[in-house]
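A.B. asks: Take a look at this one; I'll ask things after.
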Amino acid sequence: MASLTGAKRVVVKIGSALLVDRHTGDLRADWLAALADDIAALKGAGTDVILVSSGAIALGRGVLALGDGALSLDEAQAAAAVGQIRLARAYEEVLAPLGLTSAQILLTLDDSADRRRYLNTRATFAALLARGAVPIVNENDTIATDEIRYGDNDRLAANVAVMAGADICVLLSDVDGLYTANPNDDTTAAHLPVIDTITPEIEAMAGDAGSGLSKGGMKTKVLAARTATAAGCAMAITQGAIANPLRALDDGARATWFTATVSPQQARKAWIGAMKPKGSLRLDAGAAAALSRGKSLLPAGVVAVTGDFLRGDPVRLEAPDGAAIGIGLSRYGAKEALAIQGHQSDEIPEILGYPGRAALVHRDDMVL
């Protein structure tokens, strides 16, 4: 089982049923304050923390007096618009006194499905975490439709973990893990502490353990675990209703851990390496040597650009003699790459008319 305090980066998913009292519709302020203490402890140990938080619709429906019944799409989106403000304020109020800066990120499925938006989102996470902030992510329920929805925050948390390169994803739930059967219906159901491989049998064990305010049952959690572990991120499902749930998990609280067989970096490299290039960048000798030392590819080291590619597309990296030396995701489209090739990075704003990124291909986005 992984240690949260030993991880480089952790994503924590918080469900509506934990954050909002299902009877009153009020925020569980004491629970949130205790969670903030856990976050501060992890940050103090050098671990980056990203929160994926439900709760906007649950908070907003009470303010708009929408009752306990099913909401129409328009009602849900209105509740989300009202609730997001209250949700962001609640996190700010518990994190700021601990010296932590909170940041809100609202995503739709397109932000991970579209490669260019994926890279933008990944860069935003990196910039926030480098400055010590705690990103708080939710699905953009105000504008998302069925076609561009994650559908549940278990799936969203797994995708955020992949985008951000997290080591561990923790799903705080109203259950303490996966059982061989639904423990509410079967007294012989056995708890599964560790799952190394998600088999069809494991998926079949995932019954519906949803609660009144949550969308995701156990099945969505297992599917999320499949996404996360394939990208090198271990996942834990654990009881979140208790005070200080992250500290409890690190102290050995009951949970189901889904193990990852590779690191996030290895999984990402394999993903990039399997792509088909849509263009190529020819490098000078100095740039080729710099890449071999683990550096990013700067525009100054590019002598030729071929192909018709867009920002975020895979491109072949070539030595001066044309031999392939790797593949990477371009941070510029072909037209922009042609304009800035051979130029210093500080010349990019003048050439393109906007402040671009210094690297043409970042070292984290290439395989040699």
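Cβ coordinates are placed from backbone N, Cα and C, and glycine is handled just like the others.
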A.B. asks: Which candidate from LYS13, LYS43, LYS295 does Swiss-Prot annotate alongside SER173, ASP174 at the ATP binding site?
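C.D. replies: Given SER173, ASP174 bind ATP in Swiss-Prot, the matching entry from LYS13, LYS43, LYS295 is LYS13.
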A.B. asks: Specify the count of other C-beta atoms within 10 Å of the C-beta of SER173 (ATP binding site).
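C.D. replies: A count of 30.
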A.B. asks: Go ahead and report the DSSP secondary structure tallies for the domain 'PUA' (278-355): helix first, then strand, then coil.
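C.D. replies: The breakdown for the domain 'PUA' (278-355) reads 26 helix, 23 strand, 29 coil.
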A.B. asks: Taking the Cβ of SER54 (substrate binding site) as centre, how many other Cβ atoms lie within 10 Å?
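C.D. replies: Counting Cβ neighbours of SER54 (substrate binding site) within 10 Å gives 29.
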A.B. asks: Among the binding-site residues LYS13, ASN153, ASP174, which residue has its Cβ surrounded by the fewest other Cβ atoms within 10 Å?
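C.D. replies: Each of the binding-site residues LYS13, ASN153, ASP174 was scored; lowest Cβ tally within 10 Å is ASP174.
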A.B. asks: Spatially, which candidate from the binding-site residues LYS13, SER173, ASP174 is nearest to ASN153 (substrate binding site), comparing Cα atoms?
C.D. replies: LYS13
